[in-house]
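Novice: Let me begin by handing over the structure; questions about it come next.
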Amino acid sequence: MDRAGRLGTGLRGLCVAALVLVCAGQGGRREDGGPACYGGFDLYFILDKSGSVLHHWNEIYYFVEQLAHRFISPQLRMSFIVFSTRGTTLMKLTEDREQIRQGLEELQKVLPGGDTYMHEGFERASEQIYYENSQGYRTASVIIALTDGELHEDLFFYSEREANRSRDLGAIVYCVGVKDFNETQLARIADSKDHVFPVNDGFQALQGIIHSILKKSCIEILAAEPSTICAGESFQVVVRGNGFRHARNVDRVLCSFKINDSVTLNEKPFAVEDTYLLCPAPILKEVGMKAALQVSMNDGLSFISSSVIITTTHCSDGSILAIALLILFLLLALALLWWFWPLCCTVIIKEVPPPPVEESEEEDDDGLPKKKWPTVDASYYGGRGVGGIKRMEVRWGEKGSTEEGAKLEKAKNARVKMPEQEYEFPEPRNLNNNMRRPSSPRKWYSPIKGKLDALWVLLRKGYDRVSVMRPQPGDTGRCINFTRVKNSQPAKYPLNNSYHSSSPPPAPIYTPPPPAPHCPPPAPSAPTPPIPSPPSTLPPPPQAPPPNRAPPPSRPPPRPSV
């Protein structure tokens with residue numbers, strides 16, 4: 001593999017480990033309130049113990065101690081490596097917290113001295129990464145290298161070569177430069193310039209970059225949704241966490257499922273965001289199978305582990321629910337048919353009696369208060385006897401009288417007493433103890449209750465209207481049936497439009513019978529008187545409506561004599 005290829009692979013591996021560190025800083029909080037990382041990966045500290053840091057070793061130790069306590073995942077492993085003229089592994093890779101505590105004690109006892117051979121420290125880290133990969137773990141690795149000086153040209157070449165070798169094994173490399181460092185050299189040793197943390201204010205400022213390292217290097221898996229799936233069905237899983245877009249190339253991010261600690265299946269996610277991944281999951285055919293969720297940031301070269309487990313369970317299909325809904329729908333349809341069928345089939349005509357008119361004693365028909373009318377002494381009109389002997393008063397507008405009655409002309413000496421008030425208002429009702437009923441305060445739900453009451457009245461009115469139309473027991477009727485009858489002969493247009501279907505048919509036209517045969521008249525036995533000549537003018541016919549039709553004559557009309 002060429003140098004560029006090894007560099008790219010190593011950078012991807014280091015990115016994965018660094019992202020895990022960032023997740024630790026973002027994913028949770030420690031008991032003391034500081035940021036923490038729950039990512040599961042291998043963390044290597046490569047520390048410069050050359051003579052230039054002789055008087056600043058305590059600052060370096062406290063920096064490592066504080067940073068180590070931020071990674072609290074039980075699946076995280078840690079190693080301490082120091083370098084000067086040669087590299088030394090103070091503590092091998094371990095997840096045992098007691099051994100980590102002892103390793104920190106050994107680190108505190110280190111006496112700095114010697115030259116700055118950074119490549120020696122990278123060699124010790126690459127050896128452990130290679131050994132762990134050969135064991136089949138393939139865990140993501142993060143390397144944090146700290147130095148305070150500028151490397152000579154040949155030492156820089158060796159350091160860059162060993163850093164590329166670590167990247168080829170799947171590690172992500174971060175560099176911390178203190179005071180007199182060469183930032184260009186550290187940018188080439190680390191994955192990129194963004195993976196370099198400069199501390200220009202000296203060793204006492206190391207505590208200020210702990211949060212930045214956690215934020216940039218931690219990738220953690222917090223949860224999976226759903227965590228329980230149906231056996232034998234395909235599904236998609238949403239991986240919740242932090243730092244998923246911290247990879248150098250998001251196209252190389254993979255979701256990994258380790259099934260029953262034996263088979264590992266990798267799937268490319270549909271969506272990659274900083275706080276979640278949307279991944280297709282493999283089909284788990286048996287009930288009780290478990291799949292441990294992992295994430296790879298370098299196309300499967302190494303993986304960030306987690307404690308998130310996806311389990312399978314037995315699920316029933318939705319056919320039972322569909323059948324139940326279908327039965328419920330059929331029952332509802334039958335109920336509606338039973339209710340509305342008599343309305344469509346049985347025709348019952350009833351005359352609904354008019355509603356009784358309630359006479360209000362307090363108000364008129366138009367809803368206005370009862371009007372007070374003038375009191376007239378009817379004795380002057382002749383009421384109660386001749387001449388109005390007995391006194392009688394009449395209030396206009398009461399007991400059959402109308403307002404127009406008040407406009408009648410009164411007698412000259414009639415006495416009229418006008419009321420003090422024109423309208424008579426109803427008095428408020430009192431309780432049994434002669435106390436008025438207090439008005440109830442308006443509640444917050446009064447508008448809602450009013451609208452619901454109005455809706456209920458509307459529904460009730462519609463129900464009563466339909467209920468009245470339904471036939472009662474004992475009612476008889478006939479089902480409506482529409483039949484279309486085809487006529488073989490087309491209808492003829494009437495000859496005379498003056499006759500309608502409601503008038504009787506016209507009378508047939510009368511035809512007189514043929515005249516009788518001509519016979520000679522017999523000889524006259526006596527002279528006949530002369531026939532008077534008809535008058536020149538005829539009297540007008542009587543003014544009477546013409547008959548509808550004339551009856552036919554019983555005999556032929558006489559012929560005029562010559």
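Each residue, glycine too, has its Cβ placed from N, Cα and C.
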Novice: Need a hand: Swiss-Prot gives Ser50, Ser52 for divalent metal cation, which of Thr89, Thr94, Thr116 is also on that list?
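Specialist: Of the residues offered, the record points to Thr116.
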Novice: Identify the disulfide partner of Cys218 as annotated in Swiss-Prot; candidates are Cys15, Cys37, Cys345.
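Specialist: That record, Swiss-Prot, gives the partner as Cys37.
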Novice: From Asn260, Asn481, pick the one Swiss-Prot annotates as N-linked glycosylation site?
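Specialist: Out of Asn260, Asn481, Swiss-Prot attaches the N-linked glycosylation site annotation to Asn260.
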Novice: Which of the listed residues, Asn164, Asn496, has Swiss-Prot annotated as N-linked glycosylation site?
Specialist: Asn164
Novice: So if I draw a 10 Å sphere around the Cβ of Cys218 (disulfide bond), how many other Cβ atoms end up inside it?
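Specialist: Result for Cys218 (disulfide bond): 34 other Cβ atoms within 10 Å.
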Novice: Residues near the divalent metal cation site, Ser50, Ser52, Thr116 excluded, by Cβ within 8 Å of the Cβ center?
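Specialist: Sorted by sequence, the hits are Asp48, Lys49, Gly51, Val53, Ser84, Pro112, Gly114, Asp115, Thr147, Asp148, Gly149.
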Novice: Can you tell which of Ser50, Ser52, Thr116 has the most other C-beta atoms within 10 Å, given these are the binding-site residues?
Specialist: Thr116
Novice: Let me know the DSSP-derived helix, strand or coil state of Ser52 (divalent metal cation binding site), please.
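Specialist: DSSP call for Ser52 (divalent metal cation binding site): helix.
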Novice: Just counting, how many other CB atoms are there within 10 A of the CB of Cys37 (disulfide bond)?
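Specialist: By my count, 32.
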Novice: Hey, how far is Cys37 (disulfide bond) from Ser50 (divalent metal cation binding site), Cα to Cα, in Å?
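Specialist: About 30 Å separates the two Cα atoms.
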